[in-house]
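Colleague: Here you go, one structure.
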């Protein structure tokens, strides 16, 4: 984080603006809107500055900038076209520990002025730190279109009434969520139809807020937070409680609503930190207490995630539930490794297989060893030797290509590859969570490996290893 986002209360605070042109004029409008006591210093001023001065809205000081003008000022903005003047303003402000913004000069700036969406009392600031101004502008435009003009004012007017009407914090939050996502209310505000808007508000106050809890099963995807679905993001930002496991990345957890309770039930193959039965009970108890619970699972909750078992338990007690699918590890890891799971010349089908089946004969190895298909083993590291032995024993060529993807789709992704006869050895080079991909499609990785070929200064390089038969 290059800049600490902060909102300043500038009402009746003395601020200095150096510059009298059109750019300075835009900065002056912002300071005046914030209620600041504005002094403008320049050799020449636009007519608008003279108009403001005549109206008593700001003060003008004609002449060259001198450091003494900074006395008793809270902040200063330099908006001249003279680099030497801007540099002097910045240097003088720095010496006096006064925040200074030099327009279009990030190196001589101790604070930045973001794009602003004003829905007072709701204020939204968007900034790229000067590195992507077009992106910041596009985001502002989208937010401007998304938020009705009078929404913030309506929320401010209702605040005290909501506080009195709903004594429980969770009830207040749910009321606000309903109000702020009410499409017809938003349309009424956009149309300036305040009578209709008031009717929608009254309906929300009179509608019962159920105390009945619910559970939403959300797939967090394989690691990269950008692969979390929009609906998944909405759910984790509305949750009272988030129950999550170790396969959910820190980047995804950073998107969870800050005041939501977080319950870690991490587990891994062969070692259950929290027994499945206890996880079921946690979900049940939290929902029965009237909370909105998100069960957040890595990948997709219905693919080797035991999501079905958890929902069966909830269904038995009549707890409402829903499911938000996620990108499963097989899809994410293969895509980020440049390995297509199907290909007309290599594989006409793909099989997702659990790698820690413990009962002898549980897997149909003869079928798995068939040609023209791709195998993806989940949780298979500890059984890599068994997988290698069984597939070769049932007819799969020992030279079949394999790849192991560790921490797939994350910046720490590692891929090791080789032949089936080396699988047990390769498994010792990676750690969990890892995915095993078996099939001739792995040979396409060298051609299609887009992710590790990208070099980012702020990201560790993705590691690629290839084992060769001696």
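Note that Cβ sites are derived from N, Cα and C of the backbone, with glycine treated the same way.
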Colleague: Which residue of 222, 275, 340, 397 does Swiss-Prot report at the same S-adenosyl-L-methionine site as 298, 299, 300, 303, 328, 329, 379, 408?
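Modeller: Matched candidate out of 222, 275, 340, 397, per Swiss-Prot for S-adenosyl-L-methionine with 298, 299, 300, 303, 328, 329, 379, 408: 222.
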Colleague: Cα-Cα, whole number of Å: residue 222 (S-adenosyl-L-methionine binding site) versus residue 23 (NAD(+) binding site)?
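Modeller: Rounded to a whole number, the Cα-Cα distance is 47 Å.
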Colleague: Among the binding-site residues 23, 303, 329, which residue has its Cβ surrounded by the fewest other Cβ atoms within 10 Å?
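Modeller: If we count Cβ atoms within 10 Å for the binding-site residues 23, 303, 329, the smallest count is at 23.
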Colleague: Which residues, same chain and not among 222, 298, 299, 300, 303, 328, 329, 379, 408, have a CB within 8 angstroms of the centroid of the CB atoms at the recorded S-adenosyl-L-methionine site?
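Modeller: Other same-chain residues near the S-adenosyl-L-methionine site: 221, 247, 304, 305, 326, 327, 330, 332, 333, 378, 435.
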Colleague: Among all protein chains shown, how many Cβ atoms are found within 10 Å of the Cβ of residue 222 (S-adenosyl-L-methionine binding site), not counting that one?
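Modeller: Here the count is 30.
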Colleague: Out of 22, 43, 44, the binding-site residues in the record, which is closest to residue 299 (S-adenosyl-L-methionine binding site) when you go by Cα distance?
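Modeller: Closest candidate to residue 299 (S-adenosyl-L-methionine binding site), judged by Cα separation, is 22.
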Colleague: Cβ within 8 angstroms of the Cβ centroid of 22, 23, 43, 44: which residues besides those meet this for the NAD(+) site?
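Modeller: What remains near the Cβ centre is 19, 20, 21, 24, 25, 42, 45, 46, 79, 80, 81.
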Colleague: Report, in whole Å, the straight Cα-to-Cα distance of residue 23 (NAD(+) binding site) from residue 408 (S-adenosyl-L-methionine binding site).
Modeller: 47
Colleague: Hey, what's the Cβ neighbour count for residue 22 (NAD(+) binding site) at 10 Å?
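Modeller: For residue 22 (NAD(+) binding site), the count of other Cβ atoms within 10 Å is 10.
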